[in-house]
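Structure record follows, encoded as structure tokens.
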Amino acid sequence: MNMPSHEDEEQGDVFVDESDIIHEVDVDEEDLPDAEDEDDTENIEDQDDSIHIFTGHTGELYAVACSPTDPVLVATGGGDDKGFLWKIGHADWASELQGHTDSVSSLAFSHDGQLLASGSFDGLVKIWDTSGNLKHTLEGPGAGIEWVRWHPKGHLILVGFEDCTVWMWNADSGNFLSVFSGHGASVTCGDFTPDGKTICTGSEDATLRIWNPRSGETIHVVRGHPYHTEGLTCLSISSDSTLAITGSRDGSVHIVNITTGKVVSSWGSQTSPIEGDPESIECVSFAPNFPWAVSGGMDRKLTIWDLQSSSPRFICDHEEGVTFLAWLGAASKFLAAGCVDGRICIWNCLSGECVETFRGHEHAIQSLAVSSNLEYLVSVSMDGTARVFEIENFR
């Protein structure tokens with residue numbers, strides 16, 4: 001560091017007189033050395049747009065859920081075999097969810113916000129209250145858990161396992177209610193319809209099954225041409241409970257009429273055959289308030305589909321694969337897309353523009369959740385952190 005000389009200090013501020021100027025040179029910004037450009041690039045790489053970072057975990061993170069009733073309550077789980085409940089903006093408050101002996105792969109709050117379910121590769125589902133007190137431990141077939149989902153109107157919980165089965169429990173009593181058998185491989189995705197009257201599940205066996213939750217019987221099995229040729233990776237159900245959209249490792253997206261079990265729309269990979277085998281679709285969703293569906297995958301593309309014309313509205317390019325999608329509210333045109341490079345792109349699906357890129361994570365985004373007051377987006381990553389970003393501007 002250059003310290004001022006004793007003489008300078010005595011003189012105070014030193015001014016340049018006009019007579020001291022020897023020669024004036026106009027400098028174009030373009031003529032400046034490239035070193036500054038490199039600094040800018042480095043600054044962007046180091047940029048962290050988050051307002052809160054949760055660092056309680058000691059391994060990769062796989063799951064995040066935001067409470068539907070408490071806007072600052074968040075649950076996260078990961079490869080350190082732990083779950084945590086913590087609060088946005090309350091760095092001193094965290095409750096560890098203890099007892100799992102393998103990675104916590106899935107988390108979900110009940111729709112009334114009273115209970116939290118954690119599912120693990122140890123085969124156990126644990127039910128907690130919002131303070132982190134254990135209410136029940138539910139033992140399934142012993143296989144790893146792929147996902148957990150709550151009934152939209154009560155405390156029934158549906159769980160997909162790696163052993164081809166789906167189980168349902170009453171989370172208040174801890175009583176086992178039903179097992180749904182029929183898939184021939186791991187059940188990778190599933191959910192209740194929003195009206196609670198039907199269950200849809202997708203499997204590594206390349207089929208979608210539609211079930212009656214009361215009888216446990218299969219209503220429809222969707223398989224073979226024109227449906228997927230490889231395992232399903234993701235599933236979403238329309239808000240009116242009539243349609244299911246599924247994505248697969250085969251790079252295709254299909255929409256199925258839940259009532260009839262018929263495929264009503266099919267979209268192949270947006271990657272040309274010259275580029276090799278199709279890349280896996282990782283995430284699909286229906287827009288809650290618009291006649292659109294969206295899909296993202298390892299081909300680095302987010303596609304916004306127009307349901308009425310069955311054609312792409314926009315194909316949105318990313319630098320790396322798209323791993324997770326979250327709408328920024330039930331009436332929102334804004335969609336968050338989490339990516340393999342750790343970035344989160346906010347897309348205006350009406351215009352097809354990326355209006356914001358959130359940086360901060362160093363590795364792939366595994367899951368995203370939106371707070372109940374629609375002010376925060378919470379992300380979890382393979383880098384072992386959960387980060388909170390402000391989304392108030394995207395209403």
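Using N, Cα and C of the backbone, Cβ positions are placed for all residues, glycine too.
TrEMBL lists 7-19 (among others) with the feature compositional bias 'Acidic residues'.
Residues annotated as compositional bias 'Acidic residues' in TrEMBL: 26-47 (among others).
Taken from TrEMBL, the feature region 'Disordered' covers 1-47.
Per TrEMBL, the feature repeat 'WD' maps to 97-129 (among others). Regional average pLDDT for the repeat 'WD' (97-129) in the model is 98.
TrEMBL lists 138-179 (among others) with the feature repeat 'WD'.
Annotation source TrEMBL lists repeat 'WD' at 180-221 (among others).
When Cβ-Cβ distances below 8 Å are used as the criterion, the repeat 'WD' (225-266) is approached by residues 185-186, 188-191, 193-195, 197-198, 200-208, 210, 219, 277-286, 288, 293, 295, 297, 299, 303, 305, 307, 310 of the same chain, each at least six residues removed from its ends. Among the features that TrEMBL reports, repeat 'WD' is placed at 225-266 (among others).
Per TrEMBL, the feature repeat 'WD' maps to 274-315 (among others). Same-chain neighbours of the repeat 'WD' (274-315): 233-239, 243, 245-253, 255, 265, 267-268, 321-325, 327, 329-333, 335, 337, 340, 345, 347, 349-350, 352, counting only residues six or more beyond its ends whose CB sits under 8 Å from a CB of the stretch.
When DSSP labels each residue, the repeat 'WD' (315-357) comes out as 0 helix, 25 strand, 18 coil, counted as helix, strand and coil in that order. Per TrEMBL, repeat 'WD' is recorded for 315-357 (among others).
Annotated repeat 'WD' per TrEMBL: 358-395 (among others), in sequence order. Listed by sequence, the residues of this chain that lie at least six past the ends of the repeat 'WD' (358-395) yet keep a Cβ under 8 A from its Cβ atoms are 44-45, 47-55, 57-72, 74, 76, 78, 86, 88, 113, 323-329, 332, 334, 336, 338-346.
Here the repeat 'WD' (358-395) has, by DSSP, the following mix of helix, strand and coil residues: 0 helix, 18 strand, 20 coil. Same-chain residues lying 6 or more positions outside the repeat 'WD' (180-221) and placing a CB less than 8 Å from one of its CB atoms are 146-147, 149-154, 156, 158, 160-168, 227-241, 244, 246, 248, 250, 256, 258, 260-261. With DSSP states grouped into helix (H, G, I), strand (E, B) and coil, the repeat 'WD' (225-266) comes out at 0 helix, 21 strand, 21 coil.
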